[in-house]
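*Asks:* Under the heading (6S)-NADPHX binding site, TrEMBL lists 59-63, 128-134, Tyr139, Asp157, Ala258, Gly315, His365, Asp430. TrEMBL lists Asn60, Asp124, Ser160 with the feature K(+) binding site. What TrEMBL records for Lys400, Gly401, Ala402, Phe403, Thr404, Gly429 is AMP binding site. What TrEMBL records for 10-213 is domain 'YjeF N-terminal'. Annotation comment: TrEMBL describes 223-488 as domain 'YjeF C-terminal'.
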Amino acid sequence: MLSIISGDDVKKLDAAFIKATGISSWDLMENAAKAFFAWYQSKFMGVMGKVFVFSGPGNNGGDGIAIARLLAESGKTVSVIFFQEKEFCSKDYTLNIEKLPSKVNLIHISDFNFEIDENDVVLDCIFGIGINRPLEGSYLEVIERLNKTQCHKVSIDIPSGIPSDEILQGKAFKADHTVTFQFPKLSLLFPEHSEFTGNIHVVDIGIPDFFIQNFHKDKFFLRREDIRKFHKKFNPFSHKGDFGRIMLIGGSVGKVGAMVLSSKAALRTGSGLVHVQIAESERFIMQTAVPEVMVAGAEEIKRLDVFDALGIGPGWGTEVDLSFYCSILKRYHKPLVIDADGLNLLSKKPENLKYVPKGSILTPHIREFQRLAGEVKDHKERLDKARSFALEHGVYLVLKGAFTSISTPNGEQYFNSSGNQYLATAGSGDVLTGMIASFLGQGYLPLNAAICGVFQHGLAGEMTALDKRRGVIASDIIDTIPATFVDLDIE
Ligand SMILES: NC(=O)C1=CN([C@@H]2O[C@H](COP(=O)(O)OP(=O)(O)OC[C@H]3O[C@@H](n4cnc5c(N)ncnc54)[C@H](OP(=O)(O)O)[C@@H]3O)[C@@H](O)[C@H]2O)[C@@H](O)CC1
Ligand SMILES: [K+]
C-alpha cells in the first residue's frame, strides 16, 4: 500500500532520505529518470518517432534532461526544449545539462519551430509538484500549443500546471499518460483533472514505503498486490456457517432486479446463506431469478441478530416506512452496509444517522453523498467532507467513482486503483453492496470488507470489459467475480 503525502512533505521526505542514506539529490533524480526510462521501454519502444523533451527550470525539468540522456543513449532521436538558461535553473538540472550527450539537440523555446509529427513523443517536464501559481507567458503559450498538437504525450510526475494537492487554477498540459514517482499525487485522483492526466502509472524510485510512512498523514493508495492481506483464509473444514449468513433488505415493486443483482453478487463473493427482505409481490421473480436465495418472512425480520451482516437499500424505493427502517437500525448491533435508497432515506431524515451501528459501511455515489452531506465546490472539498462525515458518524464512507475512496472512522482515506468507466452501468452499485455485505458476513473487519469489495468489483469490471467494453452490464460483473479470486490467487 502506498502512502500519499503532500507536495510540501515530498521535499522534506527527499531531504530526510538523502540525509539518512547519504545518496545525493542527483542520484535520486537519476533513479527517477531510470524508473521512467524502464516504463518507457515497456510501453513506448514500439513508437518510432522522435522524442521532444520540454524542460522547465526546476527538478521536473532536471528529470526531463536526465531522461533525454537515457533515451539518446538507447538510440532515440531526442531534442530538449528549454525555457531558462542554466544559471536560473535548479542545481540538478544544471548537472544533468552538463552530462547531456552532444547528439541531443538543445533548443531554446524561442528557436523551436513546433514541427512535431503524429508519431513523435512529447515529454512534459515543464513543471512538477513545485508549481506555485497558474501558468502564464511563454509557458502558457507552449502548453496551449502542445495541447493542440497531435502526437503521443506523456507527463512526468504530474501534468504541468496542476498543483500536487489542489484543484487546477487556469490551464495545464493534457497528457495521454502520466508517469508519477513513488506514489500518485493526490490531485491526480480528482475527477476535475482526468482530462489532463490520461492513464496514471506509478513508478518506484527506490524510497521504501516505511520511510515514506514517517511523513504520511492519512492517505493510502491501494494496489493489486495489497489486496491479499485484507482477505480471510478459509480451509477444507470450513462450513457454510463460516461463510456467513446475510440479509439484504430492499426490492420494492418494480425494483426487485436490484436485489437479484445484490444477492447474486453476495453468493458469487462467497456468502454461505443469503436471505432477502423484499416486497411480498416480488417473491416469485426473486426465487426464479436466484433459487439459492431465501426470501425472509416476518420471523427473520424480528430476529435480525442471527445475521452476520445486513445490506440495506438496493431497489428499496423512498416510500419506505421510516419507523420500520429506524427499528432495523436500532435492533441490529453489528456493522451493516447501506446503499442507494437506504442512503436517500437517511438524507430525508438525517437524525436517523445516529442509529446507524458504529463501523457500518455507507456506499454513496457522488450525488447520494451530496444529498447526505450537502453541496461542495470541488472534489477536494468532497474528500474533506467524506473524511469528516466518517469521523463524525463512526462509519466507513465508500465514495464511489473513479479512484473510489474509503474514509474511515479514524480519519484515514484509502483510494482504489482498480476499475474503469465501464463500471458506470445500471446495477453496478447493487453488485458492490452485495459484495461488501458478503465479506462483512464472512467475518471480515469493515475496512477489509470495504477494501476487498471495492477492489474486486473494479477488477471484475476491468476483466469483463476486455471483450465487452461499453457493452458491460451488471450481470457480467457478477459473473466475473469468481475469476477475480482466481486472478488474485485467493482461495
Ligand atoms: N521524491 C520525489 O518525488 C522526486 C521528485 N523529483 C522531481 O522534482 C519535481 C519537483 O521539483 P521542484 O521542486 O524543483 O519543482 P518544479 O515543479 O520542477 O518547478 C519549480 C520551478 O518552477 C518555478 N515555478 C513554479 N511555478 C511557476 C509558474 N507558474 N511559472 C513559472 N515558473 C514557475 C519555480 O520558481 P519560482 O519562479 O517560483 O521561483 C521553480 O524554479 C517533481 O515533480 C519530480 O519531477 C525527482 O527529480 C527526484 C525525486
Ligand atoms: K510535468
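Keep in mind that glycine also has a Cβ here, set from the backbone N, Cα and C atoms.
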*Asks:* Quick one: of the binding-site residues Asn60, Asp124, Ser160, Thr404, Gly429, which has its CA closest to the CA of Gly315 ((6S)-NADPHX binding site)?
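*Replies:* Result: the closest of the binding-site residues to Gly315 ((6S)-NADPHX binding site) is Gly429.
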*Asks:* Could you check which of these binding-site residues, Asn59, Gly62, Ile129, Tyr139, sit within 10 Å of Phe403 (AMP binding site), going Cα to Cα?
*Replies:* none
*Asks:* Asn132 ((6S)-NADPHX binding site): which of the binding-site residues Asp124, Ser160, Thr404 is the nearest Cα neighbour?
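*Replies:* Answer for the nearest of the binding-site residues: Ser160.
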*Asks:* Across the domain 'YjeF C-terminal' (223-488), what is the average pLDDT of the model, as a whole number?
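*Replies:* The answer is 96, the mean pLDDT of the model over that range.
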*Asks:* For a Cβ distance below 6 Å to any atom of ligand 2, name the binding-site residues from Asn60, Asp124, Ile129, Ser160 that qualify, or say none.
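*Replies:* The binding-site residues passing the 6 Å Cβ test are Asn60, Asp124, Ser160.
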*Asks:* Taking the binding-site residues Asn59, Asn60, Asp124, Ile129, Gly315, which residues show a Cβ-atom distance to ligand 1 below 6 Å?
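*Replies:* Within range of ligand 1: Asn59, Asn60, Ile129.
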*Asks:* Given a separation of at least six residues and a C-beta threshold under 8 Å, show me what packs close to Asn60 (K(+) binding site) in the same chain.
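*Replies:* Expected: Cys125, Ile126, Phe127, Gly128, Ile129, Gly130, Ile156, Asp157, Ser160.
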*Asks:* Can you name every residue in this chain, apart from Asn60, Asp124, Ser160, with its Cβ inside 8 Å of the center of the Cβ atoms of the recorded K(+) site?
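*Replies:* Apart from the listed residues, the neighbours are Phe54, Gly56, Gly61, Gly64, Cys125, Ile126, Phe127, Gly128, Ser155, Ile156, Asp157, Ile158, Pro159, Gly161, Phe173.
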*Asks:* Calculate the distance in Å between the alpha carbons (Cα) of Gly62 ((6S)-NADPHX binding site) and Lys400 (AMP binding site), and round it to a whole number.
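*Replies:* About 37 Å separates the two Cα atoms.
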